[in-house]
């Protein structure tokens, strides 16, 4: 399958079995409800002044072309892109590789076809499936990597590590987040801070602040003009394992969570790592929280709960799944951001999907193994951070995570320097601050064919069921057991 994914509430499943054909199936009752052939569909043409015309105009359907930072291209640029198209299509991207996102069970769907070359991969179509027409097209300056949306916002991630945020009611651009530029500016600010602390820079505080402001302004200007190759020419999203991820909550709060580049380490000044996660309120267009070093490795998979209060993460190792409080609650404590931890297994795994159910009682995990795991969030056997009953052994990664999130870990001056008192103090502090090493395993599991890629969906209407769609064209419904064990297959269908 070129595309295989559920919509936000698992009422529909999007399938692209061939290079140019996209189908949408209802999950209950099961059946095909929409189909489009992108190869034979009528093309839209635009004139020189940027307006657009569409063959659907005969039916009085309006079609709009929106550009974001694009301009008229020269012959040399077109020729260069044609060469890039041949390289990318032949060696990296398979023909007909789509980026698709549905808007729940409505008639709106966003489609980007990356398999038709770089130029086509920069164009996002908003399609009305009932009227079978394109409502609008948005042209971006770089290829589209991912699209997420809910009833309030649409967010588009580009290969240039930029996130465009739109008001979905009118497709008005609200904000552009540049992940790589922000990382560069943070690195420059850290360098400046270190230099000022060590006395490398001399002068009063006002002069130092002026130097810092000019430094950040120059970094921003260079990125805009394209004169800073470390900021703007980086193109890794489709070609590297290190790739930014983003997820958007389904409710109207519209909480966006995306991975961010970590500040380079002292021994690796040019290192690039996605260890951090940013929590962003797209409704008010403002950041909410910053989770630092959620994993020791690069964050490879994200999931956010329906209301945006919980965030699940997994690294490129795929052995441990962590659940964090996002910080959108008024009673949020930054020192207690880690909520739960689960161990998927000891064997390394490439995880490509995490998913919460709507009630936030369960989280599903899908990877390139023969098992799909379901973890229970309300399982009392999995001790919370800060539970004084924790008495396991702690590894280095967990200690670093806890000490970073809890700066208060340390020996108070008022404690007498006696060995028993110090040992007792550290024992209590460590037990109250570090998660249990004896992490909970899955509550339920589903055995699948390891050679087939699968995706998972929790239907809102049936809380005790889970949907599984596989590359071999099967759609399966499983019943979640009341006690720990294997899920029971109740129904099986084929995408035909």
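Counting begins at 1 with the first residue displayed.
From the backbone N, Cα and C atoms, a Cβ is placed for every residue, glycine too.
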If you check Swiss-Prot, which of 213, 259, 282, 361 turns up marked as phosphothreonine?
213
Ranges 41-86, 87-132: which does Swiss-Prot label region 'Disordered'?
41-86
For the feature motif 'L/FRRG motif' as recorded in Swiss-Prot, pick the matching range from 332-336, 337-341, 342-346.
342-346
From 237, 389, 433, the one Swiss-Prot labels phosphoserine:
237
Which residues of the chain, 6 or more past the ends of the repeat 'WD 1' (294-334), have a CB below 8 A from one of its CBs?
241-242, 245-251, 253-255, 257-259, 273-277, 279, 281, 288, 340-356, 358, 360, 363, 365, 367, 375, 377, 397, 400-401, 405, 439
